[in-house]
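Trainee: Got a structure here, written out as structure tokens. Questions coming.
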Ligand SMILES: NC(=O)C1=CN([C@@H]2O[C@H](COP(=O)(O)OP(=O)(O)OC[C@H]3O[C@@H](n4cnc5c(N)ncnc54)[C@H](O)[C@@H]3O)[C@@H](O)[C@H]2O)C=CC1
Ligand SMILES: CC(C)CC(=O)C(=O)O
Ligand SMILES: [Mg+2]
């Protein structure tokens with residue numbers, strides 16, 4: 001089959017990691033008889049440099065007219081200016097909103113081979129970690145009314161009942177396919193938007209009597225992730241809480257360079273990106289871990305193209321390379337073999 005993929009490499013390590021993911025996709029195409037056609041668009045800092053704004057109508061159109069979007073990351077100190085209207089991150093929020101990608105799936109899985117890279121003690125890791133963080137992606141603090149003046153500033157965590165219902169529904173549906181345990185994370189003790197969130201979760205829970213629903217405050221969830229992460233299976237939460245908790249969960253699996261994501265809506269186009277940012281501190285050094293991006297294209301194959309065997313093949317290749325002891329710097333430990341971004345991409349491609 002033929003697929004059109006919009007590629008937004010972005011800034012910092014974005015181009016380095018996306019190049020490796022494309023190599024892997026091309027090899028999958030060869031092996032299984034698919035043709036992936038790429039069209040490059042611009043987002044974030046590179047778009048500011050070229051067009052004076054972080055997201056253009058052309059990029060939105062390109063994405064809307066593709067079968068899926070592959071994204072690297074955006075941002076960096078070069079664009080850290082005070083004018084909030086032209087920050088690279090605005091482009092990222094803009095494309096998520098334009099495509100109405102309200103569901104962000106962030107699976108945090110600890111690979112067996114990486115148990116030594118996790119900061120958790122073996123008795124806490126037990127048989128391993130496998131959780132799904134479902135983050136609401138087009139509402140909340142990042143999209144609410146805001147103002148910045150010299151004397152005061154505010155952001156608003158605004159949610160409609162409908163916005164909460166559709167993401168919590170995803171939470172129940174996904175939990176039902178997993179271990180039937182859903183943790184809804186909010187801060188209903190202090191935030192009104194969280195009070196509504198919790199009320200909706202309780203109401204919707206009546207339609208899913210087979211799924212155990214647990215309510216947890218976000219600050220407690222941050223702590224529980226460290227002391228007892230195995231209690232979590234599926235987490236559903238608001239945009240900002242999900243952003244923070246998924247970065248935390250990623251480190252339990254060894255590195256933020258390991259965690260992929262899928263951003264989905266009710267339309268046809270899904271967007272796939274690692275959960276990390278543009279890592280300006282290591283950009284251009286050839287040492288970034290490309291695995292989160294490579295696993296993101298596996299999610300693309302699974303969720304957008306329904307190519308399950310192809311997705312499994314990528315995930316198994318990643319596991320095989322890790323089992324053989326190859327590591328980028330972020331997951332390196334004594335006795336393993338340190339490799340760079342390109343070498344890691346090549347190794348995974350060879351194992352497909
Ligand atoms: N989706 C996106 O495009 C995101 C963009 N950002 C932007 O990225 C820029 C940098 O943000 P930070 O807060 O530093 O977060 P970051 O995720 O870029 O980096 C945090 C730390 O993790 C390391 N890291 C990240 N990805 C890695 C990888 N693949 N391999 C090895 N190490 C990796 C970095 O070197 C750094 O030490 C900012 O402009 C920020 O706004 C941040 C998060 C997400
Ligand atoms: C612009 C930010 C919301 C990006 C980020 O940290 C993320 O999506 O994980
Ligand atoms: Mg983040």
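Glycine too: its Cβ is placed from the backbone N, Cα and C atoms.
For reference, TrEMBL lists these features for the protein:
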DOMAIN    4-348  domain 'Isopropylmalate dehydrogenase-like'
BINDING   76-89, 277-289  NAD(+) binding site
BINDING   96, 106, 135, 219  substrate binding site
SITE      142  site 'Important for catalysis'
SITE      187  site 'Important for catalysis'
BINDING   219, 243, 247  Mg(2+) binding site
Trainee: For ligand 3, pick out the binding-site residues 135, 219, 243 that have a CB under 6 angstroms away from one of its atoms.
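Mentor: Within range of ligand 3: 243.
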Trainee: Let me know the most crowded of the binding-site residues, choosing from 279, 283, 287 and counting other Cβ atoms within 10 Å.
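Mentor: Answer by Cβ density within 10 Å: 279.
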Trainee: By the DSSP assignment reduced to helix, strand and coil, which category contains residue 142 (site 'Important for catalysis')?
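Mentor: Once the DSSP labels are grouped into three classes, residue 142 (site 'Important for catalysis') ends up as helix.
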Trainee: So what sits near residue 106 (substrate binding site) in its own chain, CB-to-CB under 8 Å and at least six residues off in sequence?
Mentor: 132, 133, 134, 135, 242, 246, 249, 250, 259, 260, 261, 275
Trainee: Take the domain 'Isopropylmalate dehydrogenase-like' (4-348) and average the pLDDT across it for me.
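Mentor: Across the residues of the domain 'Isopropylmalate dehydrogenase-like' (4-348) the model's pLDDT averages 97 on the 0 to 100 scale.
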Trainee: Can you name every residue in this chain, apart from 219, 243, 247, with its Cβ inside 8 Å of the center of the Cβ atoms of the recorded Mg(2+) site?
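Mentor: Checked against the 8 Å cutoff, the neighbours are 218, 222, 240, 241, 242, 244, 245, 246, 248.
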Trainee: Under 6 Å from ligand 2 by C-beta, which of these recorded positions make it: 106, 187, 219, 243, 279? Sequence order, please.
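Mentor: With ligand 2 as the reference and 6 Å as the Cβ limit, the list reads 243.
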Trainee: Roughly how many angstrom lie between the C-alpha atoms of residue 84 (NAD(+) binding site) and residue 247 (Mg(2+) binding site)?
Mentor: 24
Trainee: Those recorded positions, 84, 142, 243, 279: which ones have a Cβ sitting under 6 Å from ligand 1?
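Mentor: Checked recorded positions vs ligand 1; flagged 279.
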Trainee: If you count the other Cβ atoms within 10 Å of each Cβ, which of the binding-site residues 80, 219, 243, 247 comes out on top?
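Mentor: Answer by Cβ density within 10 Å: 243.
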